[in-house]
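Chemist: Feature list, courtesy of Swiss-Prot:
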- 1-33: transit peptide (TRANSIT)
- 100-220: domain 'MTTase N-terminal' (DOMAIN)
- Cys109, Cys145, Cys183: [4Fe-4S] cluster 1 binding site (BINDING)
- 244-512: domain 'Radical SAM core' (DOMAIN)
- Cys258, Cys262, Cys265: [4Fe-4S] cluster 2 binding site (BINDING)
- 515-590: domain 'TRAM' (DOMAIN)
Amino acid sequence: MHPLQCVLQVQRSLGWGPLASVSWLSLRMCRAHSSLSSTMCPSPERQEDGARKDFSSRLAAGPTFQHFLKSASAPQEKLSSEVEDPPPYLMMDELLGRQRKVYLETYGCQMNVNDTEIAWSILQKSGYLRTSNLQEADVILLVTCSIREKAEQTIWNRLHQLKALKTRRPRSRVPLRIGILGCMAERLKEEILNREKMVDILAGPDAYRDLPRLLAVAESGQQAANVLLSLDETYADVMPVQTSASATSAFVSIMRGCDNMCSYCIVPFTRGRERSRPIASILEEVKKLSEQVFLPPRPPKVLGLQGLKEVTLLGQNVNSFRDNSEVQFNSAVPTNLSRGFTTNYKTKQGGLRFAHLLDQVSRVDPEMRIRFTSPHPKDFPDEVLQLIHERDNICKQIHLPAQSGSSRVLEAMRRGYSREAYVELVHHIRESIPGVSLSSDFIAGFCGETEEDHVQTVSLLREVQYNMGFLFAYSMRQKTRAYHRLKDDVPEEVKLRRLEELITIFREEATKANQTSVGCTQLVLVEGLSKRSATDLCGRNDGNLKVIFPDAEMEDVNNPGLRVRAQPGDYVLVKITSASSQTLRGHVLCRTTLRDSSAYC
């Protein structure tokens, strides 16, 4: 019998789920089993007959079709802190951290920040401790990004640095274990294990529940990996552990994966297909965050609730959210796309959509700001725009990734829209949400991009005048459609030159857009001290722009006559006096609440 067949048979018969990759420990056990099979096992005929009888008896005692139908409906999961049963080849105590210290480093997007909190929640329940001191760590985990080559090169360089740390490890301490988590583990699993023997574990974005097992296997001196992508993993029952005791905001993952299959993008291959969390679990997490108490850096003069004041809903394609967990909402209701937009896949039907979720989340706490990222322009039906306009605590800021201003390049990118459709959507959004702040993504030097295509992108930047932007040179990724069907034919120096031009134009136009705020009074959520001045405070306005203002005493509108100093988590009114492409400056007027601020802004 092949060793892998042995593992799979044990797996099925004992009822525990599929392993993404079989550890060397379990393979060794199976090899030992198969090498002794000729003397310890019955003849093949008797074995086959016994297996058939055993299968028949288990089938008769197994669940009925009615049981299957009942279990197929998604349960209302509660956030659980229980440790799952160990696989048969490990004892329960081998899965426990025994107070070993874990050091976590996060690279890349906001989803990775949230993934770090999920991974830490799982490890904490298994008995690990967290440290911010690299030197005292027993386990170092890097949560990685694979969106561009530069992001991966950063990790390779970091591993080279950690190799020296592992080599110098005193023998009196437990061996240092190093793990790669996230998208890079998913994309380059074999290369990482073969190239960097000092890497002990790999865990893809859908395998964080398996971290205790992987670390237990690594304790035997073997490399261990789980990079299986899931069709249903959302970590809905895992309450992420917020990593900062003084944080004013938090990320809440509402869905994972992406179905868009844009030709340049590696995300569908590193994070899998779209699947959404049940709304009930999202609301439970948001409620906990609104009640979560954090300690401000200085005692407030007026004590009150210090729950988190801002939540950002996260997803690779956040506004395509679709909760199909409740059967009564699974009727074939058509999906409304933005006008002039199409999809590259068969449009799904039914379920509770993003507008319903946004409505419910905004009702949890009227004093909590709600943001979301990263959306796709195709999924902005009127009901979403109307809700953003009506609710005071849903930020009037929309990220609208364009990627290019050329319809020809957009078609090659498989974005599902033309330049004209995109511009029409921009106008519609601004009409629906007066004063909305817009941000976008752009790629310079995509496959086949000509100078004329580049000029069209420049003109789009000038036409729209974004408040914020994220601009990058194109980086070819293996497995993508562009890698298989297009040619990366724009020279690197041309990509960089075009990128610099886009950045220059963006800054010019963003400065113009932001200067319209000068003289206006804006509501700012205080985050803390400015990084550049100990006498200034820093916060963000409704449009997610950074606002700097002096740390001075002010009035509290809810406590007339009381003078206070702002602290993280406070809402303050700031009169804007100057603006650049990235920052607003002003002077503080008073401390207020989100609901009361509408009378002043």
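Heads up, residue numbers simply count up from 1 along the chain you see.
Using the three backbone atoms N, Cα and C, a Cβ is placed for every residue, glycine included.
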Chemist: Per DSSP, what is the residue tally for the domain 'TRAM' (515-590) in helix, strand and coil?
Modeler: 1 helix, 47 strand, 28 coil
Chemist: How big is the Cα-to-Cα gap, in Å, between Cys183 ([4Fe-4S] cluster 1 binding site) and Cys262 ([4Fe-4S] cluster 2 binding site)?
Modeler: 17
Chemist: What's the CA-CA gap between Cys145 ([4Fe-4S] cluster 1 binding site) and Cys265 ([4Fe-4S] cluster 2 binding site) in angstrom, rounded?
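Modeler: Spelling it out, the Cα of Cys145 ([4Fe-4S] cluster 1 binding site) and the Cα of Cys265 ([4Fe-4S] cluster 2 binding site) are 13 Å apart.
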Chemist: DSSP helix, strand and coil counts for the domain 'MTTase N-terminal' (100-220)?
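Modeler: For the domain 'MTTase N-terminal' (100-220), the helix, strand and coil counts are 61 helix, 23 strand, 37 coil.
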Chemist: For a quick check of understanding: among the binding-site residues Cys109, Cys145, Cys183, Cys258, Cys265, which residue's Cβ has the most other Cβ atoms within 10 Å?
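Modeler: Its Cβ has the most other Cβ atoms within 10 Å: Cys183.
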Chemist: Given Cys262 ([4Fe-4S] cluster 2 binding site) and Cys109 ([4Fe-4S] cluster 1 binding site), what distance in Å do their CA atoms have, once rounded to a whole number?
Modeler: 18
Chemist: Excluding Cys109, Cys145, Cys183, please set out which residues of the same chain place their CB within 8 Å of the center of the CB atoms of the [4Fe-4S] cluster 1 site, keeping sequence order.
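Modeler: Those within range, site residues removed, are Tyr107, Gly108, Met111, Asn112, Thr144, Ser146, Ile147, Ala151, Gly182, Met184, Thr270.
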Chemist: Which residues, same chain and not among Cys258, Cys262, Cys265, have a CB within 8 angstroms of the centroid of the CB atoms at the recorded [4Fe-4S] cluster 2 site?
Modeler: Asn260, Met261, Tyr264, Ile266, Val267, Pro268, Gln316, Asn317
Chemist: For Cys262 ([4Fe-4S] cluster 2 binding site), what is the tally of other C-beta atoms lying within 10 angstroms of its C-beta?
Modeler: 21
